[in-house]
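Annotation comment: TrEMBL describes Asp145, Asp343 as active site. Taken from TrEMBL, the feature domain 'Peptidase A1' covers 127-457. The signal peptide annotation in TrEMBL covers 1-34.
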Amino acid sequence: MAGPRLLHCSLLQCPTLVATSFLLLTFLVSPLQGAKNIPKHPTTLCDIHDHLEHDHGFSSGHHDLRVFHVFSPCSPFRPTTPWEDSILDMQNKDVARLWFLSSLVAGKSVVPIAWGRQQAVLHTPTYIIKAKVGTPPKTLFMAMDTSNDAAWIPCSGCVGCSSSVLLSTKSTTFKALGCSSSQCLRVQGHTCDGGACTFNTTYGSSTLAFNLSQDTLKLAADPIPGYTFACIQKATGGSVPPQGLLGLGRGPLSLLSQTESLYKSTFSYCLPNFRSLNFSGSLRLGPVGQPLRIRSTPLLTNPRRSSLYYVNLIGVRVGRKVVDIPPAALAFNPSTGAGTIFDSGTVFTRLVRPVYEAVRNEFQKQVGKATVTSLGGFDTCYTEPIVAPAVTFMFPGLNMTLPPDNLLIHSTVGRTSCLAMAASPDNLNSVLNVIASMQQQNFRVLFDLHNSRLGVARQLCT
């Protein structure tokens, strides 16, 4: 077993370490403003950041939340094995995610609210945020999901929920919504059980039963009273959700829709690197503090699934060469759901087969004579050091060039490096190109619904 890694850097080379150390010293030795709210004996930096986030938004004037990768020391879902050992498992779980996304664009979802987490995805969210729900507040680590709308939360009394963290329905601000409520009427397939707004959904080997409910949700320093969410009442089968999900899509019950007056239909995130033991990724809510000169591309709307964040991918460049790709493979088609989306829940970018094969072939050509092998679902892997050409996703008004850490995934198995993207599985007739979370690492990604644009800018999130 490898021992702890040492950090070798000067103060100028480690600005995050300097900032964290300064904050730690400030809170430990300063009796000034805010000291009364600080735990007397903070045991970890997670405690310090928790205080900063929930009392101050951790960034003056901003509505910011920390974003943790599932492998973060602050994550309750952190696996016991090294993150490198989980790479193939994560790649396999992406298949379940793609089934979900494909069913959305095909209009097969019966219940659009909180429908989408397949079994594998439910157990291991990729990025999570810390929220507080109820009165007194219950702390939950919720999955951050740009392709879901309503939040769902496991509630007390849930039959089959394995999580020990449950929202108490005895919260003094909890309210079960009735069938005649305006919120219930927005849920397709709802039923009335004793006047309560109820609905079911099935995925994988599980069936979930929900009551539509409301309670106070606190994100950073912002209390949001009367927040509508799906309260899980029963879970049967082999897949049970963890601590819930925060939907960041564009639907009527999403966070953006319910907080339009507060956050002005705007948010951005900066996702930390998989390998980072830091936890400085952020979810920034509202227009304050967003990059002013960020390059952006128009958001497109699919009427069949208006919650997804479609953009117009017009080309891919490998090195200096724009890859020859059939235009139809990139085209946005609202009638079929074809096109390109940004998604926080998929780990590795998935491209429809004609697009992926064209990009892969050009990548292999430019790498040269190195022997190509495969590993799991990755078909472009190398067991010797390579000089990888840059890969750039091209959108109107925006080019997104992937840094090396976003382009190659490294395995401990024989020191193998793989191109960190793949084609959609052969048994999945997917029409979607999905720009996934690994390729979004260390970018500030802005979702500005008010101006119908998506922006991308490089930013060190680790």
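Each residue, glycine too, has its Cβ placed from N, Cα and C.
Taking the C-alpha positions, the distance from Asp343 (active site) to Asp145 (active site) comes to 8 Å.
Taking the Cβ of Asp343 (active site) as centre and 10 Å as the limit, one finds 23 other Cβ atoms among all the protein chains shown. Within 10 Å of the C-beta atom of Asp145 (active site) sit 24 other C-beta atoms, taking all shown protein chains into account.
The average pLDDT the prediction assigns to the domain 'Peptidase A1' (127-457) is 90.
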